[in-house]
Every structure is written in C-alpha cells, then in structure tokens.
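Chemist: First the structure, then my questions, so here it is.
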Amino acid sequence: MNKKIYTQVVVIGSGPAGYSAAFRCADLGLDTVLIERYDKLGGVCLNVGCIPSKTLLHIAKVIKEAKELHKTGVSFNKPDIDIKKIKNWKQHIVNKLTDGLSSMRKKRKIRIFQGHAIFETDKSLCVTNTEDKFTIFFDNAIIATGSKPIKIPSIPHDDIRIWDSTDALSLKKIPNNFLIIGSGIIGLEMATIYSALGSKVDIIDRFNHFLPVIDEDISSIYKKSINQQFNLMLNTHIDKVEVKKDALIVDMIHENIPKKNILYDAVLVAIGRTPNIDSLGLDRIGLKINNFGFIQVNNQLKTNIPHIYAIGDVAGTPMLAHKGVHEGHIAAEVISGKNHYFEPKVIPSIAYTDPEIAWVGLSEKEAKQENINYEVAIFPWNASGRAIASNCSIGKTKLIFNKQNNKIIGGSIVGSNAGELIGEVGLAIEMGCDAEDIALTIHAHPTLSESIGLSAEVFQGTVTDVLNFKLNK
C-alpha cells in the first residue's frame with residue numbers, strides 16, 4: 001500500500017548536515033520529515049566515519065604516549081590488543097551519540113521514515129524499504145545524502161581484503177602487512193591507527209606531496225615525526241593488484257622504478273570521496289549538477305529549483321561535517337523566511353594524525369599565488385614550556401599576516417592537539433583581527449594555545465620567548 005505523507009520540509013539524509021537542518025527546521029516551527037536509508041541517525045560521520053575514527057585515534061595516541069614514557073622513568077609492558085573489546089568500545093561510543101540524536105529527534109516531533117528516496121516530481125518523492133512504500137509531498141526539500149568512497153577500477157574491490165574507510169573502521173582484522181593507497185586525511189589517519197595496533201603500514205600516493213594545501217615547512221615536521229610509525233612513499237602508483245588465497249600481491253611504480261610482488265594482507269583504497277546523488281532521480285526534475293559532480297547551489301544553498309536545497313558533501317568542497325552543519329542551519333533559516341546566507345570567510349581543516357595538522361584561511365603558498373604582500377610569523381614548539389613538559393615539542397604554530405593592514409589571513413599548526421587550537425585562528429580571521437589584537441590578548445601560561453599569541457608577538461616584534469629578530473628593524 002502506498003501511503004501519502006504531507007510536510008512543509010523533507011530532509012533526505014541524517015548525517016551532520018541533514019540532522020542539523022531537520023532539527024533547526026523543527027526549532028523554527030516547521031513541520032519536518034527526515035528520511036534515512038539506514039536504521040540509525042548520524043550518517044557516515046557518526047556511524048562509520050568521524051566518531052569511530054576519533055575513538056580509535058585516541059587509543060592509538062595513548063599506545064604511542066605510553067611507549068614513549070620510558071624516557072621519563074615510567075615503563076609499561078607491551079600493550080595487549082583485544083580487538084573484540086576495542087570494537088565493542090567503539091560501538092558503545094557510536095551508540096551513545098546516535099541514541100542521543102534519536103532522543104532529540106523525538107523531542108522535536110520530527111517524523112522519520114527509513115528507506116531509499118527518489119524524486120518523482122519537484123514537489124514529491126517516493127520512499128521505499130523492504131516492507132513499505134511512501135509518497136511524500138513537500139513544500140521544501142533539503143538534499144543531504146553525503147558522499148561515498150571513490151573506487152579504483154583496476155583494483156578487484158569484490159575481494160574482502162580490499163577495503164574502503166568503512167571496512168577499515170570496522171576492524172575486520174589487524175593485518176600484518178597493510179597497504180594504504182592515498183595520503184589524504186583518511187589515509188593518514190588510518191595509517192596512524194593501524195600502525196599503533198601493530199600493522200606494518202605502507203602508504204602510497206601518486207603525487208609528490210601529501211595534503212597538498214599545507215605548506216612544506218608544516219608537512220616536513222609531520223614527515224620527520226612519522227618515520228617510526230609507518231612508511232610514506234610519494235610519487236608512487238599501483239601497477240597491479242593480484243588476488244591470491246594467502247595474500248594480495250601488489251606491483252607498484254615508485255619514482256619511476258618498478259617494485260614487484262609485494263605481499264599485503266589488506267589494501268585500503270582512500271583516494272577520496274564522491275557525492276552520493278546517483279540514485280535520487282535528480283535528472284527527472286532537472287536539478288543542475290556542476291562540472292565537478294556536485295549539486296549546484298547558491299549562497300543560500302538553493303538549487304536551480306528554488307524550493308529544493310542541497311547541503312553537506314553533495315553541495316561541494318570542502319567535504320567536512322562542520323561545513324555541512326552550518327549549511328544545514330542556513331537552509332533551514334532561509335526556508336523559515338530569514339534572509340540568511342552561507343558566506344564564511346574560512347573553514348578549518350584538521351588531520352587527526354599524531355601529531356595533528358590543522359589549518360585555516362590562506363597557506364603561505366596560496367598567499368603567494370594571490371600576490372598578497374604577506375609576512376609569516378612562526379613560534380616553534382621547542383620553545384614552548386607546555387610542549388616540552390608534555391613531551392610534544394615537535395611542532396610549530398604558523399600565522400600569515402597581510403603586511404598592508406597587519407590582519408591575519410591564515411594559520412597552520414602542526415603538533416599535539418592542533419585541531420583544538422585552530423579555532424582561535426579561525427575566529428581571529430572571521431573577526432578581522434590584526435596582529436596586535438592577538439598579541440595583546442593574554443593567553444594562559446603554560447599552554448599550547450599561547451603559541452598563537454606568541455606567533456603574533458613574533459610578527460609585532462615584541463616576543464621575548466624566542467630571539468627577537470625585529471629589534472634592529
């Protein structure tokens with residue numbers, strides 16, 4: 001039986017972008033329906049992405065720190081890795097958050113329908129699951145269906161030892177020899193996790209750099225610190241993956257030199273993600289897709305059909321949960337009649353590796369490309385009392401200032417908890433702060449966050465925690 005549902009707003013997808021949009025719509029008094037293909041809210045991020053990866057990265061960090069404590073006089077035995085318990089702990093964390101979302105949905109009186117959605121017209125869509133079929137008529141729709149991993153056509157993905165990020169986070173096993181293809185954020189984070197859990201990890205990338213948006217002085221610090229964790233090979237691509245009963249046999253080309261018959265127990269393909277829009281029936285309603293495969297939207301997240309919105313990964317890069325959350329808020333507010341726009345000055349990015357890498361605004365090389373008259377101010381963490389005391393002095397805080405007005409235009413941090421520090425830099429850029437604003441803001445001592453204030457002091461020529469090279473200028 002085809003049931004008919006009527007609503008003011010239908011949101012397709014319950015990841016961070018989708019549930020944020022639905023919750024905001026409900027808070028603004030709009031009758032809201034949420035459609036989710038799976039049995040739990042939260043999308044990739046909460047269920048098989050951001051949250052489980054951070055749970056495992058925390059475990060990896062503790063393992064590494066415990067190992068390094070021997071130099072202080074505290075030694076531990078080799079850790080006993082119980083994969084079943086780790087998986088249960090990871091799922092406990094996921095369940096706690098998804099259950100919280102479910103509770104908030106109920107309290108907001110948002111109706112939810114599980115199943116696959118496809119547009120029938122620009123005012124209706126069909127939702128089907130194994131038991132039911134619904135037709136939902138709406139005034140406004142928000143598409144928030146997220147993204148999926150990109151596959152390499154020449155690799156036999158039907159073999160259970162060829163993984164994507166979801167497989168890697170399910171902890172199927174801890175492979176003795178593990179190959180990761182792709183040195184983006186996902187690849188580097190998975191390398192961090194599995195090397196800590198005992199795998200011998202090779203990570204390869206066909207390009208001559210990893211995380212290409214960051215500056216070389218930031219990436220070089222990271223590269224030096226991972227030498228004992230895993231093997232990073234750039235300028236390397238896969239030639240062939242042969243499936244055998246006991247192993248995956250890989251041939252690769254490293255810096256134009258063939259490397260043949262390398263045995264791996266598992267291979268993770270982490271070369272990026274693509275918008276999850278193929279099965280929505282967008283062609284039926286004439287929804288425009290841009291040249292990069294994303295749904296085309298304006299700064300109010302409207303598509304070319306004004307009452308249909310797109311947010312999150314389907315609406316363009318950067319494909320980050322926090323960007324999608326803010327887009328969800330804007331879309332809901334526009335639907336409710338508010339004249340709001342999605343126009344952030346900057347969006348932060350973080351690689352939750354060990355050490356972490358975080359950046360926001362312009363990098364130095366981007367400032368060069370834009371012909372900006374800029375100046376770099378760096379505070380090295382080997383001059384930070386807190387970093388030295390915490391055994392994390394490998395790192396630096398780097399700020400970029402426009403020399404014409406001394407305003408901050410970008411920042412990068414590599415080091416422990418860099419992701420927790422970068423927010424101050426983002427706020428400073430959004431607020432239009434200049435170096436003096438940051439330098440005269442009293443930061444607590446000893447903290448890692450004071451490295452931001454001290455970097456501004458380097459620019460100002462007032463720093464006393466390192467040599468002041470501006471004294472005679």
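One-based numbering along the chain as shown.
The backbone N, Cα and C atoms fix where each Cβ goes, glycine too.
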Chemist: Which of these, Asp159, Asp164, Asp205, Asp251, does Swiss-Prot list as part of the NAD(+) site with Gly182, Ser183, Gly184, Ile185, Ile186, Ala270, Ile271, Gly272, Arg273?
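Modeler: Matched candidate out of Asp159, Asp164, Asp205, Asp251, per Swiss-Prot for NAD(+) with Gly182, Ser183, Gly184, Ile185, Ile186, Ala270, Ile271, Gly272, Arg273: Asp205.
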Chemist: With reference to Swiss-Prot, which of the candidate residues Cys25, Cys50 participates in the disulphide bond with Cys45?
Modeler: Cys50
Chemist: Glu36, Arg37, Tyr38, Asp39, Lys40, Leu41, Gly42, Gly43, Val44, Cys45, Lys54, Asp313, Ala321 bind FAD in Swiss-Prot, but which of Ala117, Ala247, Ala383 does that record place at the same site?
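Modeler: My reading of Swiss-Prot gives Ala117 as the candidate in that site.
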Chemist: Nearest to Val44 (FAD binding site) by Cα distance: which of the binding-site residues Gly182, Gly184, Gly272 is it?
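Modeler: Going through Gly182, Gly184, Gly272 one by one, the Cα closest to that of Val44 (FAD binding site) is Gly272.
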Chemist: At a 10 A cut-off on CB-CB distances, which of the binding-site residues Gly42, Gly272 has the highest count?
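Modeler: Per the Cβ count, the most surrounded site is Gly42.
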Chemist: Restricting to the chain of Tyr38 (FAD binding site) and a gap of 6 or more, list residues whose Cβ falls under 8 Å of its Cβ, or answer none.
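Modeler: Once residues fewer than 6 apart are set aside, Tyr38 (FAD binding site) is near Asn47, Gln114.
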Chemist: Distance check, please: Cα of Gly272 (NAD(+) binding site) against Cα of Cys50 (disulfide bond), rounded to an integer number of angstrom.
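Modeler: About 15 Å separates the two Cα atoms.
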